[in-house]
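Pulled from Swiss-Prot:
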- 33, 34, 35, 36, 37, 38, 39, 40, 41, 50, 113, 309, 317: FAD binding site (BINDING)
- 41-46: disulfide bond (DISULFID)
- 178, 179, 180, 181, 182, 201, 266, 267, 268, 269: NAD(+) binding site (BINDING)
- 443: active site, proton acceptor (ACT_SITE)
């Protein structure tokens with residue numbers, strides 16, 4: 001039996017980052033993972049999907065915008081090659097995780113870990129046998145799993161993101177349950193490769209957690225792409241008939257049958273809390289079946305922490321990473337900075353145009369009683385967007401009229417996810433719109449749209 005200062009359960013973005021930070025701070029550290037080193041993100045999520053999205057964007061340019069760019073002639077698009085590239089990208093990043101573990105002298109334990117008690121982890125090793133490890137501190141980073149539409153199950157043709165992203169073959173048609181980030185990203189990729197795509201969303205609009213103006217714009221762009229989006233529509237049943245899947249939906253009390261070769265379930269994620277012996281460690285769950293934590297990621301058991309999707313605060317890879325740093329620094333007794341209101345952290349959907357946001361929507365800000373000022377600048381008035389060939393979308397900023405501080409930012413446009421850090425930095429350190437407007441932005445860049453909105457918040461946009 002080996003003892004460590006810190007044992008991390010799960011090697012996803014949160015887990016491996018927490019392990020690295022703990023080791024950097026001089027703590028003996030082990031990390032336990034049965035399958036996906038780097039987590040869903042590196043293996044079958046964020047990273048390979050971005051490779052596929054880039055391929056899909058190029059297909060879009062060659063099929064929809066070829067004439068505008070002076071491109072002519074016959075071009076073929078091989079999804080199999082795009083798939084192979086996505087796997088190569090993923091495998092390279094996973095190799096990087098193992099390199100970082102070795103570099104930081106972190107012990108890798110390949111197996112499935114469960115708590116035997118509050119200071120012991122029992123690991124069923126992948127190569128057979130078991131190993132017990134004891135620890136002073138543990139960090140739980142077990143991630144999440146796809147929620148299924150109630151009353152349905154998976155089958156050969158009813159799949160999650162994992163099966164779909166690992167498929168080298170494309171269906172002729174697909175129904176996607178859920179118009180969140182995963183549903184919209186897969187919809188973009190598959191439609192550009194010629195798949196007939198229908199997205200079904202239970203709530204009144206696509207990307208329902210985004211600002212209403214954002215949803216309206218992205219629905220318009222997807223309609224131009226040829227994707228059918230059915231909002232305020234409930235999936236009642238899914239029947240896999242082998243060669244065809246039948247999905248029964250209802251809207252306004254009227255039932256309809258949809259048919260496709262495949263169905264992708266993408267309605268959300270549930271924290272992975274079952275099968276890890278949390279009860280034996282005394283770790284408590286919230287009413288939402290996530291692990292409850294404080295601002296330092298501590299559970300109700302003082303030396304056990306929980307980070308990432310499993311705590312349910314904001315299920316995004318970069319949030320897990322940031323939480324992992326906070327947990328490791330807290331364990332080491334080092335100075336740290338808590339993340340504060342998780343609504344103020346950045347989030348993005350990587351179809352083209354991108355959707356990127358942080359903070360409160362305009363409606364949320366009004367509902368919370370703020371005296372709201374809003375500025376909105378379209379990319380049709382941005383020179384770089386025209387040069388890129390995609391002036392769709394806008395920047396919309398929401399601020400507190402009394403103090404001039406940002407409450408939220410909502411962007412749609414080409415690669416606008418890259419613009420978020422300036423906004424979240426400004427919000428984090430309470431910079432005002434007046435102060436931000438004086439920050440000189442490089443010309444020509446998409447970021448000039450931010451500067452225009454900063455000016456707009458204080459009453460004087462320049463180029464619109």
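Keep in mind that glycine also has a Cβ here, set from the backbone N, Cα and C atoms.
Swiss-Prot feature annotations superimposed on the structure.
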residue : record                       : contacts (Cβ under 8 Å, 6+ apart)
35      : FAD binding site             : none
39      : FAD binding site             : 10, 11, 12, 13, 14, 15, 16, 45, 143, 317
41      : FAD binding site             : 12, 13, 47, 317
113     : FAD binding site             : 7, 9, 32, 34, 121, 122, 123, 124, 276
178     : NAD(+) binding site          : 199, 200, 201, 265, 266, 267, 268
180     : NAD(+) binding site          : 207, 208, 209, 266, 267, 268, 349
182     : NAD(+) binding site          : 161, 266
443     : active site, proton acceptor : 383
Could you measure between residue 37 (FAD binding site) and residue 46 (disulfide bond) for me? Cα positions, answer in whole angstrom.
14
Fewest other Cβ within 10 angstroms of its own Cβ, chosen from the binding-site residues 268, 317:
268
Give me the CA-CA distance between residue 46 (disulfide bond) and residue 33 (FAD binding site), in Å, as a whole number.
19
Measure the Cβ-based neighbour count of residue 266 (NAD(+) binding site), defined as the other Cβ atoms within 10 Å of its Cβ.
26
Give the maximum pairwise CA distance in Å, whole number, for the residues 178, 179, 180, 181, 182, 201, 266, 267, 268, 269 listed as binding NAD(+).
15
Reading the DSSP string in three states, the entry for residue 33 (FAD binding site) is strand
Per the record, FAD is bound by 33, 34, 35, 36, 37, 38, 39, 40, 41, 50, 113, 309, 317: how many Å separate the farthest pair of Cα atoms?
30
Under DSSP, is residue 268 (NAD(+) binding site) helix, strand or coil?
coil
